Amino acid sequence: MRRTRSAVATGPREQRRSGATGGLSGGESRAQRSRSRTRAGAGGGGGAVGPQPSAKPRPKPPPRAQEAAAEEPPPAVTPAASVSALDLGEQRERWETFQKRQRLSFEGAAKLLLDTFEYQGLVKHTGGCHCGAVRFEVWASADLHIFDCNCSICKKKQNRHFIVPASRFKLLKGAESITTYTFNTHKAQHTFCKRCGVQSFYTPRSNPGGFGIAPHCLDEGTVRSVVTEEFNGSDWERAMKEHKTIKNMSKE
């Protein structure tokens, strides 16, 4: 009999606990709704709250993702993309075939085309100093016109050179290996390799907008002939006045 009473007595107690728990949950729900209404009314200054948009704002990416996106370089422009930007018309297939056959990038193919037609009648010479620290290329005729100057410094260093516009000269390597000597008017820039002392090119006083290239510093195979003209640099002003073409040799 005691066991039966105990079992019967247990039932109502459990129900009371369950009811108490349910009442607490209901109280919490009402409190949450009350707080929600309070927050909704706070931003409206006590007025009626209008309908809220249903679309949710997009979540912002985490800071690490933003940093990675900022640091990521733009996609490289491929030769095909560069070609598609040009209106090649019916020549597109020929152009792409030419690039593949010559194994050239879009820039390389354009450079070859420009060099061929812009420097018609010229050849590309290459050269440099003795130790190889300084290397350059220059577009000039295969038949070189050399000036042999007898001014004080040219006489001592045997400065025989041909003159080209600056746009036809390109230093391939060795900018950090070059040192410069100037004197008098300081217009002539006598550039030498710091290591071996060879002057393979310089900026002449007669043509400060161009370069004087030493023909004996060119690589073999591109020079067809050489004509040497003596220039009386020891009497500079008179020589420059009497010579009709030297001052224009660095012009395009």
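Glycine residues also receive a Cβ, built from the backbone N, Cα and C atoms like all the rest.
The Zn(2+) 2 binding site annotation in Swiss-Prot covers C149, C151, C154 and is backed by sequence analysis. Close to C151 (Zn(2+) 2 binding site) in the fold, though at least 6 residues off in sequence, lie G233, S234, W236, each with a CB less than 8 Å from its CB.
Residues annotated as domain 'CENP-V/GFA' in Swiss-Prot, with sequence analysis given as evidence: 125-237.
Marked as omega-N-methylarginine by Swiss-Prot: R39.
Feature annotation from Swiss-Prot assigns phosphothreonine to T78; the stated evidence is similarity to another entry.
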Cβ contacts of C149 (Zn(2+) 2 binding site) (under 8 Å, same chain, 6 or more positions away): K155, N159, R160, H161, F231, G233
Secondary structure tally of the domain 'CENP-V/GFA' (125-237) (DSSP, helix then strand then coil): 20 helix, 52 strand, 41 coil
Sorted by sequence, non-C149, C151, C154 residues with Cβ within 8 Å of centre, Zn(2+) 2: N150, S152, I153, K155, N159, F231, G233, S234
